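Student: What TrEMBL records for this protein is below:
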type: DOMAIN; residues: 1-380; note: domain 'Amino acid transporter transmembrane'
type: TRANSMEM; residues: 12-32; note: transmembrane segment
type: TRANSMEM; residues: 62-84; note: transmembrane segment
type: TRANSMEM; residues: 90-116; note: transmembrane segment
type: TRANSMEM; residues: 128-149; note: transmembrane segment
type: TRANSMEM; residues: 169-194; note: transmembrane segment
type: TRANSMEM; residues: 206-230; note: transmembrane segment
type: TRANSMEM; residues: 242-265; note: transmembrane segment
type: TRANSMEM; residues: 294-317; note: transmembrane segment
type: TRANSMEM; residues: 323-343; note: transmembrane segment
type: TRANSMEM; residues: 355-376; note: transmembrane segment
Amino acid sequence: MPVAMAKFGWLLGGILLAVMLFMNVHISILLWRVRMHLGHGDTYTRLCKAAFAKAPPWQQRLAATLTGVSQLVFFFALLGIYLISAGKALALIFNDAQVCLPVWMLMGAVIIAPFAGSSRTMGTYESLVWLNILTLLGSVFIPLGYMIIQGTEETRPANSQFMAIEPITIPHTLTGLSLFTFGMTSQFMLIEIIAEMKDPAELPKAYAGISAPFQLGAFGLVGLGGYYYVGDAVQGMIIESLPFGGALTAACVCLVIHMLISYLIKGVVFCGSLQRFFDPAYASPTDTRKRSWLSWNVVVISTAICAWLFANLIPFFTEAVDLVGASVTPLSCWIIPIGMYLRCSWDCEDDKLRIGFFEGVLLVIEIALALVLMIFGSASAMETIVAGWTTFGYPFACHCQLIWATCECSSDRIGMEYCNLTAT
């Protein structure tokens, strides 16, 4: 979020954060209304099939295919991003070991594999939910606390600025909007969450009344706080703005745990979908037969290997998030839910799903923004990634930048200013 905020400035960035969150909540409520109207659909793809049940066959096939493929691609990309984050955090914990980033990402996959192999539902390790929340807070508040104690004199580089409105450029705008979009979306697994709720009718109260204000406060605190203390020189995750030392180590421990638990939660849904596709006879989460568990673990291990390969293709956190936020996120989390709602509204014989004038205008804006991000945002993100390959190394290179406590790799990191003095 600090990187996204730095693309716009604190004033414009704060306004866009609130607007993007409002759109995200609106689309989530649309998806919930479709689910409540139809009365069934325990997965994203099944709900899509039900929503397009009265549509022409070609629309049914297209909608179901786009929904299933985009959801799986999004889940898979998330798993890769979690491994990037966990790998970087592990490397920063052991920054004197000088082990390359691909190895640390592999270590993250190895650590989570036993837990993923024994978990077939999101509720298998209920206690991890609270641990996930605590470590998320730790990975955010430890860096912010350190910055508050040190002050901007120590944390903000000399040429870095904190502005109400940053100079606006098209690439910066596309990147900032992509990062906002990625950070807030949940529609790709919202139906699976609703399926596990005791009372789905309570979702709007929980989502709009509790989750949305929390997200606004959390994203605002992290985004504005990180941007204020580091300025527009901020890059990557917030932990990357800390010097090597105890605060960084503590924050990275929290981040590793948070990322691996997040991998576990998303991996359950992703691997479950793959198992239902490739081995449906043994795909039930309640199936205790050895053959079923073998099938599950084959899917889990294969997924971990592929996620590690993907993470090595784009081993840059911000750029990976930018690409996913511009390409898959608008399709899976904006266009498809809106398409479901429009189809149900068209087929609905009463006024329960009627679209009013103002909501219609909002839908047009949301669709237009999604298309702009998918076309131009994806192209901009790929240009940045290719440039990163040239500057920092191609896929599967060591990528020691800012993670090794050496002048060769981290001379630009806060606390390593002596490297530049030595060089001169």
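The count begins at 1 with the first shown residue.
Every residue, even glycine, has its Cβ placed from backbone N, Cα and C.
Could you give the neighbours, burial and distances for every feature on this list?
Tutor: Within the chain carrying the transmembrane segment (62-84), a Cβ under 8 angstroms from the stretch's Cβ atoms is held by residues 44-45, 48-49, 51-52, 55, 105, 108-109, 188-189, 259-260, 262-263, 266-267, 269-270, 273-274, 303-304, 306-308, 310-311, 314-317, 320-321, 324, 328-329, 331-333, 336, 339-340, 343, all 6 or more beyond its ends.
Remote same-chain partners of the transmembrane segment (128-149), defined as residues 6 or more beyond its termini with a Cβ less than 8 Å from a stretch Cβ, comprise 155, 218, 221-222, 225-226, 229-230, 238-239, 241-242, 247, 250-255, 257-258, 261-262, 264-265.
Away from its own ends, the transmembrane segment (169-194) comes close to residues 1, 3-5, 7-8, 13, 16-17, 20-21, 24, 27-28, 31-32, 35, 41-44, 47, 70-71, 74-75, 122, 200, 203, 215, 219, 266, 269, 318, 321-326, 329-330, 332-334, 336-337, 369, 372-373, 376-377, 380-381, 383-384 of its chain (Cβ-Cβ under 8 Å, at least six residues beyond either end).
Outside the transmembrane segment (242-265) by six or more residues, the chain places 78-79, 82-83, 85-86, 89-90, 92-93, 95, 108, 111-112, 115-116, 119, 122, 125, 128, 131-132, 134-139, 142-143, 145-146, 405, 410, 413-416 with a CB less than 8 A from a CB of the stretch.
Packing against the transmembrane segment (294-317) from elsewhere in the chain are residues 76-77, 79-85, 87-88, 101-102, 105-106, 109, 112-113, 116-117, 120, 236-237, 267, 270-271, 274-275, 278-279, 282-283, 323, 385, 388, 392, 395-396, 399: each is 6 or more residues past its ends and has a CB under 8 Å from a CB in it.
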Student: Can you tell me which recorded stretch out of 12-32, 90-116, 206-230 has the most Cβ pairs within less than 8 Å of the transmembrane segment (355-376)?
Tutor: 12-32
Student: Could you name the stretch, out of 90-116, 206-230, 323-343, with the greatest number of CB pairs under 8 A to the transmembrane segment (12-32)?
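Tutor: Between the stretches 90-116, 206-230, 323-343, 206-230 has the largest tally.
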Student: Sequence-remote contacts (6 or more beyond its ends) of the transmembrane segment (323-343), Cβ cut-off under 8 Å?
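Tutor: 23-24, 27-28, 30-31, 33-34, 47-48, 51-52, 54-55, 59, 63, 66-67, 70-71, 73-74, 77-78, 81, 174, 178-183, 185-188, 314, 353, 355, 363, 366-367, 369-371, 373-374, 377-378, 380-382, 385.
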